Amino acid sequence: MAQISNNSEFKQCSSSHPEPIRTKDVNKAEALQMEAEALAKLQKDRQMTDSPRGFELSSSTRQRTQGFNKQDYDLMVFPELDSQKRAVDIDVEKLTQAELEKILLDDNFETRKPPALPVTPVLSPSFSTQLYLRPSGQRGQWPPGLCGPSTYTLPSTYPSAYSKQATFQNGFSPRMPTFPSTESVYLRLPGQSPYFSYPLTPATPFHPQGSLPVYRPLVSPDMAKLFEKIASTSEFLKNGKARTDLEIANSKASVCNLQISPKSEDINKFDWLDLDPLSKPKVDYVEVLEHEEEKKDPVLLAEDPWDAVLLEERSPSCHLERKVNGKSLSGATVTRSQSLIIRTAQFTKAQGQVSQKDPNGTSSLPTGSSLLQEFEVQNDEVAAFCQSIMKLKTKFPYTDHCTNPGYLLSPVTVQRNMCGENASVKVSIEIEGLQLPVTFTCDVSSTVEIIIMQALCWVHDDLNQVDVGSYILKVCGQEEVLQNNHCLGSHEHIQNCRKWDTEIKLQLLTLSAMCQNLARTAEDDEAPVDLNKYLYQIEKPYKEVMTRHPVEELLDSYHYQVELALQTENQHRAVDQVIKAVRKICSALDGVETPSVTEAVKKLKRAVNLPRNKSADVTSLSGSDTRKNSTKGSLNPENPVQVSMDHLTTAIYDLLRLHANSSRCSTACPRGSRNIKEAWTATEQLQFTVYAAHGISSNWVSNYEKYYLICSLSHNGKDLFKPIQSKKVGTYKNFFYLIKWDELIIFPIQISQLPLESVLHLTLFGVLNQSSGSSPDSNKQRKGPEALGKVSLTLFDFKRFLTCGTKLLYLWTSSHTNSIPGAIPKKSYVMERIVLQVDFPSPAFDIIYTSPQIDRNIIQQDKLETLESDIKGKLLDIIHRDSSFGLSKEDKVFLWENRYYCLKHPNCLPKILASAPNWKWANLAKTYSLLHQWPPLCPLAALELLDAKFADQEVRSLAVSWMEAISDDELADLLPQFVQALKYEIYLNSSLVRFLLSRALGNIQIAHSLYWLLKDALHDTHFGSRYEHVLGALLSVGGKGLREELSKQMKLVQLLGGVAEKVRQASGSTRQVVLQKSMERVQSFFLRNKCRLPLKPSLVAKELNIKSCSFFSSNAMPLKVTMVNADPLGEEINVMFKVGEDLRQDMLALQMIKIMDKIWLKEGLDLRMVIFRCLSTGRDRGMVELVPASDTLRKIQVEYGVTGSFKDKPLAEWLRKYNPSEEEYEKASENFIYSCAGCCVATYVLGICDRHNDNIMLRSTGHMFHIDFGKFLGHAQMFGSFKRDRAPFVLTSDMAYVINGGEKPTIRFQLFVDLCCQAYNLIRKQTNLFLNLLSLMIPSGLPELTSIQDLKYVRDALQPQTTDAEATIFFTRLIESSLGSIATKFNFFIHNLAQLRFSGLPSNDEPILSFSPKTYSFRQDGRIKEVSVFTYHKKYNPDKHYIYVVRILREGHLEPSFVFRTFDEFQELHNKLSIIFPLWKLPGFPNRMVLGRTHIKDVAAKRKIELNSYLQSLMNASTDVAECDLVCTFFHPLLRDEKAEGIARSAGAVPFSPTLGQIGGAVKLSVSYRNGTLFIMVMHIKDLVTEDGADPNPYVKTYLLPDTHKTSKRKTKISRKTRNPTFNEMLVYSGYSKETLRQRELQLSVLSAESLRENFFLGGITLPLKDFNLSKETVKWYQLTAATYL
């Protein structure tokens, strides 16, 4: 016996006899009487038609029919009927109507037992087709569609491949086997069924002995006659029945509205009198229509003869009963078995929107126009955002010149000690009307307005008649204006001019004469905010595929195929085309295929295999009469294919609506007049159902065996509790592969405890297929599960409603799993993402999050002085820590408990908020109260509150309000971090977005930088949509002028990118030709436009200088692009354009270095850093500023051979070549010392690695700088298993040679050490700033910065917990370690070898000889008649070496000239001649190895003879060699030759040699006292003197006198062979009180350590400690004396 279980599934009872149930049945007599009356009426109508055409059913036909495999079995039999008849004796022509109906009701007519039984039995044709639900896994001939129209949502169905225990599945469990039992089977209902509204008696048993036969597509003529005979009843009724008011008004659509009386007591019954089963498909859904919103009378349908009789015989006053697809659900309880109770899914109103009906009442396919409009409906959140931006826009009217100047303002940086040395500068100002510029000297502290007044004095006699405010100073060569209210020296342009020692050129203009084409206009102010209007030119890496136009095309194609399928004779082929159209729609929707779509497609395939009904054109002599006299109330029998098509269309439109809502992030729950419940009162647990992942690639199917999800809930970047793992499942295949879980996930947290910013994370993992051999990774056998992708979803929407309904979440592959809370996932190309279907509960009310009420009148502030001393000390220690990183749990608890004691220390607020125990609603009132009484933070301190650790909207809004105090120029420096901080905003319309857009409205430089940063961020997988919206808002409010300029820049970047790609792909020999041809296209762009440089918008280019364009010989083959400045007063513009490398990391490193430089400048330390610009213009491409007059260290060193990196002089000699005078060289050396110190500190703090001589550059002015920051934060480049960067930073001996001015240490090296330590300590004070800046960049996707762990290097490098003195000692040791590292030189050497393939002669614009800046020819200088090495001289520079005097006599000259060359310069000449003339026989060069010292007189004398012989042989060689430009350049006189410097040095110039017993020099000490300890730091000693003039090995020894036992002896390490040692060592004396120390003296002695004799005294000093103020540090130089020492 079959019955309905409590979970609405059928169960087979063990007993064959059911227990009696107290229900009431219509007895047999009543039922037969009703049937007889109906048949009598039909017989009467039949007499009006022609006599039936008879035919015989042959035995062969019967056998063929019996031969079919029948997969369906009847569940119901009627024992009161006669026994089954054999078809062999039937004469169809003689059959009466009643006999035909009997055949129809005979379950065993012309059937026989099939060879194989189906998985699940199905109902017989006589069973009610209206209330029959097929199991999801069953196959049969009846179509899976509803008979007749309906207006409800289809219940949840599941693909047959993934059987699911649904609410009701045809009365049987899917796991129930088939049973060909002859015993009676009963259908019964549980007694406690809540939906059963009438009693039933025990049901009449059914005998499942037969089933409806499966029909072939083609039937024999004999069978066709029988079918025609049986169907004639329905045909007559169908074609002859007059239309009545009982017919529904809309019969054309696939789904129509049916009104069901809510008062009906009988909900679900099976009607057994289905008299025309062949004209209707069997229904696979049992659904109840419930429309509470519509109150009008229901419409009843009659779809078979028995229904027509029942409807016609009813009294007009009879109560209209509930109908399901035209079947009565109440009235007389006519039963053959107990009816089934079935509840359907909830209905959606949208079904009616896709139904239409023409005036004739015929059926038509839905157009879906109302649904398509949903794709154009703007997201509610986006609409609210547009309104907010429009309101913001009104605050910046175009008439306000302060916020809308139309030109760029020169950025300013405040410098300390600006009025020191060289405070006056020379200014040259171009004035209209004057032929020559006005030149005068002014103070750098003077305001720009004063400079303007000085310039106006040259053209106006009376300034009282002049409006000084209408004049501006424009930078020559740039569209950039100085700010009148700032001092001249604070502008970055002026600072760069002073740095490069170039002339300051300005132009005096009136405001009206200044180009203001970037200003907004009245039309711009009136234009509405449209986020998509100006994005059409933006290259979107992830294309939108769900727009109305493509969806409309797909739907049109689908409906066209449906119409063809319904009209064509060959429906099999047409249905295949329909299914293909459905597949295309699902493919366009990212491969999402809902269960209803899957089931509808299967039912359509089954329906097309059914025999088609007799068409309407059946010939009949009295057909028209028949139609006129048809019985009222009867309807067309439904076409099975039509019904299946209707349900398929419904499923497709449901899918489209779901996808549209998900794409627009719309809620699935209608708001309307629903009740609202506050979240803090909701005690329900958070739960949802993970249904499936759609669009799985075939690679995953072959590589992974199982899949599972990790579900986590986070807030403030941390999990609220342990993540939950789903079950492990495999993949399935319908249209596409999918992973199906259908699993309920319940989090152990109540909704009331959820913070507003709670984020759900779903991470997909794959378990590798151990048997898969197709994977290229052989190690997969040993690997664990792999993370395949991640997606995040905020639980409360922007209106603060809890999410509900079905969501499609876009999950990205493992290379993009850096998901951040609050992301609106960005859609990609079809099948490039995985779509995760998640179903949230849809309660009857909305849950909304409301903020707690804050009592602002309560002010609590505890005084820190009232705390106990130990608690106070601990609290101050935590407060004064530089960062909240590394706070322990105990520290956080302690800090939170004492938070009100910290109000006088505002900058500790981030630490306190990070220590909050939780952010539950119940605790927010206290937290917000603390926030609102907290003193304002400075902008840089408030920046930390924008990190992921602080997701609370109140906190972030307050932080942004404090940010308002930051200047535009400071904001421009931090803009990349602000752009990344947008990812931590939960909603689009945030205070941070409005803040950035407001600053962009008031400053063109910020708008320009923000544009390129947002454009580059469009490539972000998770946040591309958000950045697209912000970028659209920026372009919408920025004005037409700015948009047109940005469009031109983007076009220029695209053109240069194409050129760079072509050059990279070209072969080496054709690259230059390809470059020149490709640049012609770029040149054509400039013929139509002038264009601002994306790198620096103040630079405007008007054309290319194609002849100067080239490419660099490196892996990426970057372009050197030379452009002509549009300003005739400006210089050429040179930039590098690179394709194939990610420049975002370079941008970050350069930004950090620039911020460091500004910190140093504000503190008065100018390290003369070279800050060049870098901009990423797209994925793996960008533009870099070229620093003029600079070369790499490799180029400089290889001029001295491949081993040049092991030599000490190349850098010094290269600088001397470009700075020939002593004054110039001294200035260049000073620039080198300062810039080298800054580079050492910056590269160490940032952990910049992969440092070799090809990414360190030197300018001719002496400024050193680094390029190429592909490795940083300590991620070193590996050489095998060894780190290539073994030293803390690059400081080589050739650098030290320039710093010292020679081989021996001097006081200049002490200056270098002091500069390094001072710069290091200044950066250490800003540890929190740099950690915050880097932390905000974690979600940017940089390969070297992926997690908070990467910041550990920076924190350790900055040593935040040490004192300045300890940090000074620490960094001094780093300098010593770097200087003594042979690994750096070896790394340089290896790189020289690797770059040999790029070696050769320099290009025309490079010097041919290292010591000569230009190339000369004999045409200019005249031919040489005689040349010889005249003599040699000893020279000090500062080391001793010999220089050779070459005597030259030229044609046409009577007097010889002399040039001075070193032996190394002769050798360079020979080496380069060998390169130029590899096939010529050159004279041999005297380069034999010299043992011992080389710079001695004997060696010089021998070399003089050898070099003279070499020159004679060279001049007697071929004229091609002897008269080449290289030889001419070698003999061309230099500035040093003309001044005859360095030939002989006077005796007084010889290094000082002290007389016996002479003492000299000074020592620099730092003396401080704290915590009962005296600290003596020995820093430097300078100008030591020895008896014999040899370099000593100094060290320092100290005592605290009196000390008879010498227990206070302390000493430093020994510094070898130097008169100017640097120690920076701390000598500590512990356990001394201040009173005791005032009675002591510090005795310091400097001695030289000797190995073969006794150490000798170099000087000393005795310092009474009572003269020191021990409460502060004292740093001072002390002169050494000849005092006695212990």
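Even glycines carry a Cβ here, placed using N, Cα and C.
As recorded in Swiss-Prot:
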type	residues	note
REGION	1-26	region 'Disordered'
REGION	2-142	region 'Interaction with clathrin'
MOD_RES	Ala2	N-acetylalanine
REGION	41-68	region 'Disordered'
MOD_RES	Ser60	phosphoserine
MOD_RES	Ser261	phosphoserine
MOD_RES	Ser328	phosphoserine
MOD_RES	Ser339	phosphoserine
DOMAIN	422-510	domain 'PI3K-RBD'
REGION	615-640	region 'Disordered'
MOD_RES	Ser630	phosphoserine
DOMAIN	682-841	domain 'C2 PI3K-type'
DOMAIN	1105-1383	domain 'PI3K/PI4K catalytic'
REGION	1111-1117	region 'G-loop'
REGION	1247-1255	region 'Catalytic loop'
REGION	1266-1292	region 'Activation loop'
MOD_RES	Ser1281	phosphoserine
DOMAIN	1420-1536	domain 'PX'
REGION	1488-1493	region 'Interaction with PtdIns(4,5)P2-containing membranes'
MOD_RES	Ser1553	phosphoserine
DOMAIN	1559-1678	domain 'C2'
MOTIF	1606-1617	motif 'Nuclear localization signal'
Please figure out which one of 422-510, 1105-1383, 1559-1678 racks up the most CB pairs under 8 Å against the domain 'PX' (1420-1536).
1105-1383
Who are the chain neighbours of the region 'G-loop' (1111-1117) in space, where the CB to CB distance is under 8 Å and they lie at least 6 residues beyond its ends?
1060, 1063-1064, 1071-1072, 1075, 1136, 1138-1141, 1398
Could you break down the residues of the domain 'PX' (1420-1536) into DSSP helix, strand and coil, giving a count for each?
48 helix, 30 strand, 39 coil
Over the region 'Activation loop' (1266-1292), what is the model's average pLDDT?
76
Per DSSP, what is the residue count of the domain 'PI3K-RBD' (422-510) in each of helix, strand and coil?
27 helix, 31 strand, 31 coil
DSSP-derived helix, strand and coil totals, residue by residue, for the domain 'C2' (1559-1678):
7 helix, 60 strand, 53 coil
Residue counts in helix (H, G, I), strand (E, B) and coil for the region 'G-loop' (1111-1117), per DSSP?
0 helix, 1 strand, 6 coil
